[in-house]
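This report concerns only the one structure given below.
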Amino acid sequence: MKTFWLFQKSGAGLTAGKRVGFWVWNALWVLLSGICLGALSLLFAYGKYTDLLFFSYFANWRIAALNIVPAAALALILYLLIGRAWLSFLLSAFLTLGASFANYFLLLFRDDPLMFDDLRYIREAAGITKTAGYDLSPDGRIWFGIACALAGTAVLFFIARGRPPAKVRLPLALAAALACISLKGVYGDSVTYKVRTANTEHINQWSSTQVYLSKGFLYPFLHSMTTGRIKPPEGYDEAAAAALLAQYEDQPIKEAVDLITIQLEAFADFSTLGIEGVDFSLYDDYHALEQEGVAGPLITNIFAGGTVDTERCFLTGLCTLPNFRANTNSYAWYLREQGYTAEGSHSSFEWFYNRQNVNRYLGIPTYYFYENHFSQLSEAIAADQLLLPEILSLYRENRTDSPYFSFNVTYQGHGPYDTQSVWRGNHYTDGRYSEETANILDNYLGSVEDTIHQLTGFVDQLRREERPVVLVIYGDHKPWLGDGNSAYSELGVNLDVATDEGFRNYYGTSYLIWANGAAKELLHRPFEGRGPELSSCFLMNEVFHQCGYLGSAYLQATEQVRRVLPVITSVEKYIDADGTVRGGLSPEEEEALSTFRGLEYYWASHFAYGGA
């Protein structure tokens, strides 16, 4: 077999025609092996999900091509560098299948895909795997992949033996590498990722994990190079940020209270918007609660969606959120270091916004979702009537002699709201609005009224608690009210963000910091009065201020910024200490903003609570 001209190591001695055929033969086998390797990687791309996904990859030629090209290019470049087809394929298989296997096990154990940024956390991942006791024994699919890699290596060892001279190989390898670099724009293109490779038939399009795996593995993995990390702010000086943070130390909490926070879905006080012809007496009980605590306006980064932005800004103190792929500093980590038990609840699904993983990264190891808790209480996603009493029950069951932190996110009130009928039968409008607008508003306000009713009962229970408890309630964003904001328009609500009123109407919700008698007595704090206007990243600052706590080093450092710019957003609008909405900033404000951007970037990328 070795004597046959196609299976020789060199084209020397062959006729010109055979020499061309010899090198084409070897190149084609290398290319074919890479194509097969890319196709094989798709077998592991969907983890535990339906096998129909594997076939769906080939139904969209872009998905197939964008996953196969990297493996084929890798095999070809390694061949040009090494000169041995079998070895280049073996190395390509080791890299391609190694990453594919890692992604496969991540999906099996954590329902979380492998992203490029995860390569920074290999050591941490190994530690988690050991601690969690994950079983990495190969299953049938893994053994099949290994067998294919070994078989391909053996085949190439015998039938693709050509070894091009280095003076030919190396320039071609450089040219191939440059060609691959030119594809960076294709793999980073957001339109291709979101639209041209949309593949939602067999997945839930609201699950970030499932959207990722619906595009294969190698393609979304390479695409994540362009989306995985926030960029350093302009003029970022890591040493300066570290030095500024080093001026502060985490301060101990000596008189600890239990802290329960509840983010209310799409909860907003419409009685403040100047809308006519609507009965807003439904807010009376909530206004009464506000009179018992510290209440103020909250400015978020979002409108009618993007819930997770507000909750994570509040929990981390960051305004620009990274793609959470590993343990990241948060106030939950700080509280745990102070001896707090940290847990929380969200009655919807664990995959929504990947909360099942991200909440752990943010220092909340125990979290109750529909799958692991609320499905035992209700077939449907639990409404506030069930969720709020359950938050209280979990608090009473799981608290110990140590203080307790409960971080909760509701689902009731999630839009869209029916335009054809009124779900709860309650009507709040006087007939001046169109049927569609009236139905949307009646459905929204009916949900709000029920939430307020549940909150008053919840607070009544906390009043009777002997333990000191501080409760924080806040809305995540304004609700959806019709396509194109049709109901807002008919109601006469100004949403023009170029105006001060429109900016506040668009991004504004509210917060309430309430304390029971035991907490007021312990802390010697009144917890009453009008609270300052805040952005969501500074809400925890105000909570700690009301409690009389200095808090973490990061909170203390950002407190200096808050005094100058109490509202910082990701939409490049700010509110200064005088309550003026600003686009352009004064030199002092620019310095404060630059300080904050540097601090938050440093804090998001340098984990400080390894011992928690």
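Every residue gets a Cβ built from N, Cα and C, even glycine.
Here is what TrEMBL records for this protein:
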DOMAIN    289-521  domain 'Sulfatase N-terminal'
TRANSMEM  20-47  transmembrane segment
TRANSMEM  59-82  transmembrane segment
TRANSMEM  89-109  transmembrane segment
TRANSMEM  142-161  transmembrane segment
TRANSMEM  168-187  transmembrane segment
Which of 20-47, 89-109, 142-161, 168-187 contacts the transmembrane segment (59-82) most, counting Cβ pairs under 8 Å: 20-47
Contact set, same chain, for the transmembrane segment (89-109): CB under 8 Å, 6 or more residues outside the stretch: 30, 33-34, 37-38, 40-41, 44-49, 70-71, 74-75, 78-79, 82, 132, 134, 136, 141-142, 145-146, 149, 152-153, 156, 209, 213, 217-218, 221
Residue numbers, six or more beyond the limits of the transmembrane segment (168-187), whose CB comes under 8 Å of its CB atoms: 66, 69, 73, 76-77, 80-81, 83, 219, 222-223, 225-226
Rounded mean pLDDT for the residues that make up the domain 'Sulfatase N-terminal' (289-521): 96
